[in-house]
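*Asks:* Let me begin by handing over the structure; questions about it come next.
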Amino acid sequence: MDFEGKGNWNISFAGAGFMGLYHVGVAQCLQERAPRLLQGAHCVYGSSSGAIYATSLVCGMSVDFCCSYYMEMTTAVKRLSLGIFHPAFTPVEYIKQVLQENLPANAHILASQRLGISLTRWPDGKNIIVTNFATRDELIQAVICSMYIPFYCCMIPPEFRGERYLDGGLSNNIPFKDNEFTITVSPFPGTLDICPQSTSANMHEMSTFNLNLQISTMNVFLMFLALFPPSPEVVANICRQGYLDALRFLERRGLTKEQILWSLAFKAPPSPAEGAQDSGCNQEGKAGLTLNWAVPNVLVKDVPNFEQLSPALEAALRKACKRKPGLWVHFWQSGSGQVLTYLLLPCTFPVEYVYFQSKRVVEWFPDALADLHWMQEQLRGLAHGLYSRTKTQLFGPVRAGLDELPARLSVDPEHCLTRFSQPHMLRTCANLYPLLYNMSLEADPL
(Lines of atoms letter the chains of each structure in order from A and count residues from 1; the text may use other names and numbers.)
(Lines give C-alpha, C1' and ligand atoms only; values in the text may rest on other atoms or scores of the structure.)
Protein backbone atom coordinates (compact mmCIF):
# COMPACT_ATOMS: atom_id res chain seq x y z
CA MET A 1 0.00 0.00 0.00
CA ASP A 2 1.35 3.43 -0.99
CA PHE A 3 0.91 5.90 1.86
CA GLU A 4 2.40 8.82 -0.05
CA GLY A 5 -0.91 9.88 -1.59
CA LYS A 6 -3.94 11.30 0.16
CA GLY A 7 -7.25 9.65 0.81
CA ASN A 8 -6.20 6.15 -0.28
CA TRP A 9 -6.54 4.53 3.15
CA ASN A 10 -8.62 4.59 6.34
CA ILE A 11 -7.97 3.99 10.04
CA SER A 12 -10.28 1.93 12.24
CA PHE A 13 -10.21 1.79 16.05
CA ALA A 14 -11.85 -1.25 17.64
CA GLY A 15 -13.94 -1.17 20.79
CA ALA A 16 -11.76 -1.64 23.87
CA GLY A 17 -13.74 -0.51 26.92
CA PHE A 18 -11.48 0.83 29.65
CA MET A 19 -8.43 -0.03 27.54
CA GLY A 20 -9.29 2.71 25.07
CA LEU A 21 -6.13 4.54 26.10
CA TYR A 22 -4.31 2.05 23.87
CA HIS A 23 -5.63 4.00 20.87
CA VAL A 24 -4.15 7.21 22.28
CA GLY A 25 -0.68 5.66 22.35
CA VAL A 26 -1.07 4.36 18.79
CA ALA A 27 -2.22 7.70 17.41
CA GLN A 28 0.50 9.58 19.27
CA CYS A 29 3.16 7.35 17.70
CA LEU A 30 1.72 7.85 14.22
CA GLN A 31 1.51 11.59 14.82
CA GLU A 32 5.16 11.81 15.85
CA ARG A 33 6.76 9.22 13.56
CA ALA A 34 4.53 9.21 10.46
CA PRO A 35 2.07 12.13 10.57
CA ARG A 36 1.04 11.58 6.94
CA LEU A 37 -0.83 8.42 8.00
CA LEU A 38 -3.22 10.45 10.13
CA GLN A 39 -3.37 13.60 8.03
CA GLY A 40 -3.87 11.75 4.73
CA ALA A 41 -6.41 9.22 5.97
CA HIS A 42 -9.70 9.44 4.08
CA CYS A 43 -11.87 8.38 7.04
CA VAL A 44 -11.38 7.43 10.68
CA TYR A 45 -13.72 4.68 11.86
CA GLY A 46 -14.50 3.69 15.42
CA SER A 47 -16.71 1.41 17.46
CA SER A 48 -17.66 1.78 21.12
CA SER A 49 -14.68 3.31 22.98
CA GLY A 50 -12.86 3.44 19.65
CA ALA A 51 -15.58 5.79 18.39
CA ILE A 52 -14.93 8.09 21.36
CA TYR A 53 -11.26 8.41 20.52
CA ALA A 54 -11.92 8.62 16.77
CA THR A 55 -14.18 11.60 17.49
CA SER A 56 -11.49 13.21 19.64
CA LEU A 57 -8.89 12.63 16.94
CA VAL A 58 -10.98 14.08 14.12
CA CYS A 59 -11.93 17.11 16.22
CA GLY A 60 -8.28 17.82 17.08
CA MET A 61 -8.38 17.11 20.81
CA SER A 62 -4.99 17.12 22.52
CA VAL A 63 -3.24 14.10 23.98
CA ASP A 64 -3.51 15.69 27.44
CA PHE A 65 -7.31 15.75 27.18
CA CYS A 66 -7.53 12.14 26.02
CA CYS A 67 -5.25 10.83 28.76
CA SER A 68 -6.96 12.83 31.50
CA TYR A 69 -10.42 11.76 30.30
CA TYR A 70 -9.64 8.04 30.38
CA MET A 71 -7.73 8.28 33.66
CA GLU A 72 -10.43 10.27 35.41
CA MET A 73 -13.06 7.74 34.41
CA THR A 74 -10.90 4.82 35.53
CA THR A 75 -10.04 6.49 38.82
CA ALA A 76 -13.68 7.38 39.47
CA VAL A 77 -14.72 3.73 39.09
CA LYS A 78 -11.84 2.50 41.26
CA ARG A 79 -12.92 4.88 44.04
CA LEU A 80 -16.37 3.27 44.20
CA SER A 81 -16.66 0.56 46.82
CA LEU A 82 -18.45 -1.86 44.45
CA GLY A 83 -16.79 -0.72 41.23
CA ILE A 84 -19.02 -0.95 38.17
CA PHE A 85 -21.80 -2.47 40.31
CA HIS A 86 -22.12 0.69 42.38
CA PRO A 87 -25.27 2.79 41.64
CA ALA A 88 -23.03 5.81 41.06
CA PHE A 89 -21.49 4.13 38.00
CA THR A 90 -23.09 5.96 35.07
CA PRO A 91 -20.67 5.87 32.10
CA VAL A 92 -23.21 7.19 29.59
CA GLU A 93 -23.90 10.35 31.57
CA TYR A 94 -20.20 10.89 32.29
CA ILE A 95 -19.08 10.57 28.66
CA LYS A 96 -21.96 12.72 27.44
CA GLN A 97 -21.02 15.48 29.88
CA VAL A 98 -17.33 15.32 28.90
CA LEU A 99 -18.13 15.56 25.19
CA GLN A 100 -20.57 18.43 25.67
CA GLU A 101 -18.01 20.40 27.66
CA ASN A 102 -14.96 19.81 25.46
CA LEU A 103 -15.98 19.24 21.83
CA PRO A 104 -15.68 22.35 19.65
CA ALA A 105 -18.79 24.08 18.34
CA ASN A 106 -18.08 22.94 14.77
CA ALA A 107 -17.39 19.33 15.74
CA HIS A 108 -20.14 18.01 13.47
CA ILE A 109 -18.61 19.86 10.51
CA LEU A 110 -15.16 18.45 11.21
CA ALA A 111 -16.56 14.94 11.64
CA SER A 112 -18.86 14.76 8.61
CA GLN A 113 -17.41 12.54 5.85
CA ARG A 114 -14.24 12.13 7.95
CA LEU A 115 -15.59 10.11 10.88
CA GLY A 116 -17.44 6.78 10.73
CA ILE A 117 -19.24 5.52 13.85
CA SER A 118 -20.42 1.91 14.07
CA LEU A 119 -23.92 1.35 15.52
CA THR A 120 -26.05 -1.75 16.09
CA ARG A 121 -29.72 -1.15 15.33
CA TRP A 122 -32.39 -2.48 17.65
CA PRO A 123 -34.05 -4.96 17.33
CA ASP A 124 -32.79 -6.54 14.08
CA GLY A 125 -29.10 -6.17 15.01
CA LYS A 126 -28.12 -4.65 11.66
CA ASN A 127 -24.86 -2.72 11.59
CA ILE A 128 -25.08 0.95 10.61
CA ILE A 129 -22.05 3.19 9.97
CA VAL A 130 -22.89 6.87 10.34
CA THR A 131 -20.66 9.38 8.53
CA ASN A 132 -22.86 12.49 8.33
CA PHE A 133 -23.86 14.63 11.30
CA ALA A 134 -26.24 17.57 11.10
CA THR A 135 -25.52 19.09 14.51
CA ARG A 136 -23.05 18.81 17.34
CA ASP A 137 -25.65 17.19 19.59
CA GLU A 138 -26.34 14.58 16.91
CA LEU A 139 -22.64 13.69 16.82
CA ILE A 140 -22.58 13.29 20.60
CA GLN A 141 -25.71 11.15 20.52
CA ALA A 142 -24.16 8.87 17.88
CA VAL A 143 -21.11 8.36 20.09
CA ILE A 144 -23.35 7.57 23.08
CA CYS A 145 -25.28 5.00 21.05
CA SER A 146 -22.07 3.37 19.83
CA MET A 147 -20.90 2.62 23.39
CA TYR A 148 -24.19 1.47 24.94
CA ILE A 149 -23.91 -2.09 26.32
CA PRO A 150 -27.27 -3.52 27.46
CA PHE A 151 -27.58 -3.78 31.27
CA TYR A 152 -23.96 -2.61 31.67
CA CYS A 153 -24.65 1.06 31.03
CA CYS A 154 -28.41 1.30 31.64
CA MET A 155 -31.68 -0.45 30.80
CA ILE A 156 -33.12 1.59 27.91
CA PRO A 157 -31.09 1.96 24.67
CA PRO A 158 -30.43 5.56 23.57
CA GLU A 159 -32.19 7.01 20.55
CA PHE A 160 -30.60 8.34 17.37
CA ARG A 161 -32.65 9.74 14.48
CA GLY A 162 -35.84 8.12 15.70
CA GLU A 163 -34.41 4.61 16.21
CA ARG A 164 -32.80 2.80 19.12
CA TYR A 165 -29.20 1.60 18.87
CA LEU A 166 -26.81 -0.58 20.85
CA ASP A 167 -23.02 -0.82 21.08
CA GLY A 168 -21.50 -0.87 17.60
CA GLY A 169 -19.10 -3.60 18.71
CA LEU A 170 -22.01 -6.05 18.99
CA SER A 171 -22.32 -6.15 15.18
CA ASN A 172 -19.07 -4.69 13.78
CA ASN A 173 -16.24 -4.06 16.20
CA ILE A 174 -13.71 -3.03 13.54
CA PRO A 175 -15.68 -1.03 10.95
CA PHE A 176 -14.24 -0.34 7.51
CA LYS A 177 -15.16 -0.40 3.83
CA ASP A 178 -14.36 -3.58 1.92
CA ASN A 179 -13.09 -1.79 -1.17
CA GLU A 180 -10.60 0.44 0.65
CA PHE A 181 -7.36 -0.25 2.53
CA THR A 182 -7.77 0.23 6.28
CA ILE A 183 -5.23 0.30 9.10
CA THR A 184 -6.92 -1.66 11.89
CA VAL A 185 -6.08 -0.96 15.54
CA SER A 186 -7.06 -3.07 18.56
CA PRO A 187 -5.59 -3.76 22.02
CA PHE A 188 -6.46 -7.46 21.61
CA PRO A 189 -3.96 -9.77 19.84
CA GLY A 190 -5.24 -11.09 16.54
CA THR A 191 -5.12 -10.59 12.79
CA LEU A 192 -4.84 -6.81 12.78
CA ASP A 193 -2.34 -4.23 11.61
CA ILE A 194 -1.58 -2.68 15.00
CA CYS A 195 -2.16 -4.86 18.05
CA PRO A 196 -0.12 -6.50 20.84
CA GLN A 197 1.88 -9.55 19.86
CA SER A 198 0.90 -12.56 21.93
CA THR A 199 3.50 -14.99 23.25
CA SER A 200 1.05 -17.90 23.08
CA ALA A 201 1.88 -20.76 20.73
CA ASN A 202 -1.80 -21.28 19.93
CA MET A 203 -2.44 -20.43 16.28
CA HIS A 204 -6.23 -20.73 16.47
CA GLU A 205 -8.33 -17.61 16.04
CA MET A 206 -11.91 -16.68 16.73
CA SER A 207 -13.82 -14.39 14.39
CA THR A 208 -16.45 -12.44 16.27
CA PHE A 209 -18.18 -9.21 15.30
CA ASN A 210 -15.87 -8.73 12.29
CA LEU A 211 -12.81 -8.98 14.54
CA ASN A 212 -10.31 -11.86 14.37
CA LEU A 213 -8.92 -12.57 17.83
CA GLN A 214 -6.34 -15.10 18.89
CA ILE A 215 -7.63 -17.73 21.32
CA SER A 216 -5.33 -17.23 24.31
CA THR A 217 -5.41 -16.52 28.02
CA MET A 218 -3.97 -13.08 27.29
CA ASN A 219 -7.07 -12.09 25.34
CA VAL A 220 -9.34 -13.40 28.10
CA PHE A 221 -7.46 -11.28 30.63
CA LEU A 222 -7.58 -8.20 28.39
CA MET A 223 -11.33 -8.62 27.85
CA PHE A 224 -11.74 -8.72 31.61
CA LEU A 225 -9.79 -5.46 31.93
CA ALA A 226 -11.97 -3.88 29.25
CA LEU A 227 -15.06 -4.31 31.44
CA PHE A 228 -13.50 -4.05 34.90
CA PRO A 229 -11.00 -1.17 35.00
CA PRO A 230 -7.53 -1.85 36.39
CA SER A 231 -5.37 0.63 38.28
CA PRO A 232 -4.30 3.88 36.55
CA GLU A 233 -0.72 2.61 36.34
CA VAL A 234 -1.83 -0.47 34.38
CA VAL A 235 -3.92 1.70 32.04
CA ALA A 236 -0.89 3.93 31.47
CA ASN A 237 1.22 0.90 30.51
CA ILE A 238 -1.48 -0.17 28.05
CA CYS A 239 -1.17 3.25 26.42
CA ARG A 240 2.63 2.92 26.25
CA GLN A 241 2.28 -0.53 24.70
CA GLY A 242 0.06 0.99 22.03
CA TYR A 243 2.87 3.38 21.18
CA LEU A 244 5.37 0.52 20.88
CA ASP A 245 3.02 -1.61 18.75
CA ALA A 246 2.45 1.29 16.37
CA LEU A 247 6.21 1.80 16.16
CA ARG A 248 6.63 -1.88 15.26
CA PHE A 249 4.02 -1.44 12.52
CA LEU A 250 5.96 1.50 11.07
CA GLU A 251 9.38 -0.16 11.20
CA ARG A 252 8.18 -3.41 9.66
CA ARG A 253 6.78 -1.52 6.68
CA GLY A 254 9.69 0.87 6.37
CA LEU A 255 7.55 3.92 7.10
CA THR A 256 10.13 5.38 9.47
CA LYS A 257 13.87 5.73 8.91
CA GLU A 258 14.85 5.21 12.54
CA GLN A 259 15.22 1.67 13.87
CA ILE A 260 14.39 2.34 17.49
CA LEU A 261 13.06 -1.07 18.47
CA TRP A 262 16.37 -2.75 17.63
CA SER A 263 18.21 -0.50 20.06
CA LEU A 264 15.58 -1.10 22.75
CA ALA A 265 15.95 -4.86 22.27
CA PHE A 266 19.77 -4.53 22.52
CA LYS A 267 20.19 -6.09 19.10
CA ALA A 268 21.81 -5.02 15.87
CA PRO A 269 19.44 -4.77 12.91
CA PRO A 270 20.13 -7.42 10.25
CA SER A 271 21.22 -6.52 6.77
CA PRO A 272 18.55 -6.41 4.04
CA ALA A 273 19.75 -9.78 2.72
CA GLU A 274 19.49 -11.46 6.13
CA GLY A 275 16.21 -9.96 7.34
CA ALA A 276 13.00 -11.88 6.95
CA GLN A 277 11.23 -9.80 4.33
CA ASP A 278 8.12 -10.27 2.29
CA SER A 279 6.97 -8.21 -0.63
CA GLY A 280 3.28 -7.51 -0.41
CA CYS A 281 0.82 -6.20 -2.95
CA ASN A 282 -2.05 -3.82 -2.42
CA GLN A 283 -5.63 -4.43 -3.47
CA GLU A 284 -5.02 -3.17 -6.99
CA GLY A 285 -2.23 -5.65 -7.62
CA LYS A 286 0.56 -3.06 -7.65
CA ALA A 287 3.82 -3.57 -5.84
CA GLY A 288 3.42 -2.80 -2.16
CA LEU A 289 5.73 -2.12 0.74
CA THR A 290 8.43 -4.52 1.88
CA LEU A 291 7.51 -6.13 5.20
CA ASN A 292 10.41 -6.83 7.54
CA TRP A 293 9.13 -9.44 9.98
CA ALA A 294 12.47 -9.52 11.81
CA VAL A 295 11.64 -6.31 13.69
CA PRO A 296 11.49 -7.37 17.36
CA ASN A 297 8.48 -7.08 19.61
CA VAL A 298 9.28 -4.77 22.52
CA LEU A 299 7.24 -4.61 25.72
CA VAL A 300 6.87 -1.70 28.11
CA LYS A 301 9.02 -3.41 30.73
CA ASP A 302 11.89 -3.51 28.20
CA VAL A 303 11.96 0.30 27.91
CA PRO A 304 14.06 1.83 30.72
CA ASN A 305 13.03 5.42 30.03
CA PHE A 306 9.86 5.91 28.01
CA GLU A 307 10.24 9.68 28.14
CA GLN A 308 13.02 9.46 25.55
CA LEU A 309 10.59 7.86 23.08
CA SER A 310 7.71 10.30 23.50
CA PRO A 311 8.13 13.17 25.96
CA ALA A 312 4.63 14.52 25.23
CA LEU A 313 2.87 11.21 25.85
CA GLU A 314 4.85 10.42 28.98
CA ALA A 315 4.17 13.87 30.43
CA ALA A 316 0.44 13.51 29.73
CA LEU A 317 0.33 10.07 31.37
CA ARG A 318 2.20 11.20 34.45
CA LYS A 319 -0.06 14.21 34.81
CA ALA A 320 -3.16 12.05 34.46
CA CYS A 321 -1.90 9.43 36.93
CA LYS A 322 -0.93 12.01 39.51
CA ARG A 323 -3.23 11.66 42.49
CA LYS A 324 -4.87 14.67 44.01
CA PRO A 325 -3.17 15.84 47.22
CA GLY A 326 -4.96 15.84 50.53
CA LEU A 327 -4.86 13.81 53.71
CA TRP A 328 -8.49 12.72 53.36
CA VAL A 329 -7.94 11.36 49.85
CA HIS A 330 -4.76 9.56 50.87
CA PHE A 331 -6.53 8.01 53.85
CA TRP A 332 -9.41 6.57 51.82
CA GLN A 333 -7.00 5.22 49.21
CA SER A 334 -4.83 3.53 51.81
CA GLY A 335 -5.32 -0.02 53.05
CA SER A 336 -6.94 0.98 56.32
CA GLY A 337 -9.28 3.34 54.48
CA GLN A 338 -10.38 0.55 52.13
CA VAL A 339 -11.05 -1.76 55.08
CA LEU A 340 -13.12 0.92 56.80
CA THR A 341 -15.07 1.49 53.58
CA TYR A 342 -16.12 -2.15 53.36
CA LEU A 343 -16.95 -2.31 57.08
CA LEU A 344 -19.29 0.67 56.75
CA LEU A 345 -20.81 -0.63 53.51
CA PRO A 346 -23.99 -2.10 55.12
CA CYS A 347 -24.77 1.36 56.53
CA THR A 348 -23.65 3.59 53.65
CA PHE A 349 -24.82 1.55 50.67
CA PRO A 350 -28.62 1.92 51.23
CA VAL A 351 -28.24 5.70 51.55
CA GLU A 352 -26.04 5.91 48.46
CA TYR A 353 -28.40 3.68 46.50
CA VAL A 354 -31.44 5.84 47.27
CA TYR A 355 -29.53 9.06 46.52
CA PHE A 356 -28.05 8.04 43.17
CA GLN A 357 -31.20 6.30 41.96
CA SER A 358 -33.26 9.39 42.81
CA LYS A 359 -30.75 11.56 40.98
CA ARG A 360 -30.93 9.25 37.96
CA VAL A 361 -34.73 9.41 37.91
CA VAL A 362 -34.68 13.23 38.01
CA GLU A 363 -32.20 13.34 35.12
CA TRP A 364 -34.39 10.87 33.21
CA PHE A 365 -37.51 13.08 33.33
CA PRO A 366 -36.87 14.91 29.98
CA ASP A 367 -36.70 11.58 28.12
CA ALA A 368 -39.31 9.76 30.19
CA LEU A 369 -42.21 10.17 27.73
CA ALA A 370 -40.28 8.83 24.73
CA ASP A 371 -38.75 5.98 26.73
CA LEU A 372 -42.09 4.92 28.21
CA HIS A 373 -43.68 4.94 24.76
CA TRP A 374 -40.84 2.79 23.45
CA MET A 375 -41.20 0.35 26.35
CA GLN A 376 -44.95 0.13 25.67
CA GLU A 377 -44.31 -0.73 22.03
CA GLN A 378 -41.75 -3.37 23.00
CA LEU A 379 -44.12 -4.99 25.51
CA ARG A 380 -46.93 -4.95 22.97
CA GLY A 381 -44.75 -6.60 20.36
CA LEU A 382 -43.56 -9.18 22.88
CA ALA A 383 -47.13 -10.01 23.93
CA HIS A 384 -48.24 -10.31 20.30
CA GLY A 385 -45.34 -12.63 19.53
CA LEU A 386 -46.12 -14.86 22.53
CA TYR A 387 -49.81 -14.98 21.58
CA SER A 388 -49.05 -15.92 17.98
CA ARG A 389 -46.60 -18.62 19.02
CA THR A 390 -48.99 -20.09 21.61
CA LYS A 391 -51.86 -20.06 19.13
CA THR A 392 -49.77 -21.88 16.55
CA GLN A 393 -48.61 -24.53 19.02
CA LEU A 394 -52.08 -25.18 20.47
CA PHE A 395 -54.35 -24.98 17.43
CA GLY A 396 -51.88 -26.03 14.74
CA PRO A 397 -52.37 -29.82 15.24
CA VAL A 398 -56.18 -29.41 15.41
CA ARG A 399 -56.26 -27.52 12.13
CA ALA A 400 -54.00 -30.09 10.49
CA GLY A 401 -56.30 -32.90 11.65
CA LEU A 402 -59.34 -31.18 10.22
CA ASP A 403 -57.64 -30.77 6.88
CA GLU A 404 -56.88 -34.51 6.75
CA LEU A 405 -60.50 -35.75 7.21
CA PRO A 406 -61.44 -38.39 4.56
CA ALA A 407 -63.29 -37.09 1.58
CA ARG A 408 -65.86 -39.89 1.89
CA LEU A 409 -67.57 -38.05 4.73
CA SER A 410 -68.64 -35.29 2.37
CA VAL A 411 -72.38 -35.21 1.43
CA ASP A 412 -73.82 -34.50 -2.03
CA PRO A 413 -76.16 -31.47 -1.75
CA GLU A 414 -78.61 -32.77 -4.43
CA HIS A 415 -78.85 -36.17 -2.73
CA CYS A 416 -79.54 -34.44 0.57
CA LEU A 417 -82.39 -32.40 -0.89
CA THR A 418 -83.95 -35.52 -2.47
CA ARG A 419 -83.99 -37.42 0.81
CA PHE A 420 -85.39 -34.47 2.72
CA SER A 421 -88.22 -34.06 0.18
CA GLN A 422 -89.72 -37.49 1.03
CA PRO A 423 -93.08 -37.07 2.83
CA HIS A 424 -92.47 -39.81 5.36
CA MET A 425 -89.19 -38.28 6.58
CA LEU A 426 -89.66 -36.04 9.59
CA ARG A 427 -87.38 -33.03 9.44
CA THR A 428 -86.43 -33.02 13.08
CA CYS A 429 -83.11 -32.80 14.84
CA ALA A 430 -83.54 -36.36 16.13
CA ASN A 431 -83.65 -37.75 12.59
CA LEU A 432 -80.86 -35.52 11.24
CA TYR A 433 -77.88 -37.62 12.35
CA PRO A 434 -79.22 -41.03 11.08
CA LEU A 435 -80.13 -39.39 7.81
CA LEU A 436 -76.65 -37.97 7.26
CA TYR A 437 -75.03 -41.25 8.34
CA ASN A 438 -77.09 -43.32 5.87
CA MET A 439 -76.40 -40.82 3.09
CA SER A 440 -72.64 -41.11 3.66
CA LEU A 441 -72.84 -44.91 3.46
CA GLU A 442 -74.82 -44.75 0.23
CA ALA A 443 -72.36 -42.28 -1.27
CA ASP A 444 -69.30 -44.43 -0.41
CA PRO A 445 -70.29 -48.02 0.55
CA LEU A 446 -67.57 -50.06 2.23
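Backbone N, Cα and C atoms are what each Cβ position is placed from, and that goes for glycine too.
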*Asks:* When TrEMBL marks a stretch as motif 'GXGXXG', which of 15-20, 213-218, 231-236, 345-350 is it?
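*Replies:* Based on what TrEMBL states, motif 'GXGXXG' spans 15-20.
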*Asks:* Taking the Cβ of Ser48 (active site, nucleophile) as the centre, count every other Cβ atom within 10 Å, in any protein chain shown.
*Replies:* 26
*Asks:* How big is the Cα-to-Cα gap, in Å, between Ser48 (active site, nucleophile) and Asp167 (active site, proton acceptor)?
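*Replies:* A Cα-Cα distance of 6 Å.
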*Asks:* So if I measure Cβ to Cβ from Asp167 (active site, proton acceptor) and keep only same-chain residues at least 6 apart in sequence, which ones fall under 8 Å?
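*Replies:* Expected: Gly15, Ser47, Ser48, Thr120, Ser146, Met147, Tyr148, Ile149.
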*Asks:* Quick one: DSSP breakdown of the motif 'GXGXXG' (15-20) into helix, strand and coil?
*Replies:* 3 helix, 0 strand, 3 coil
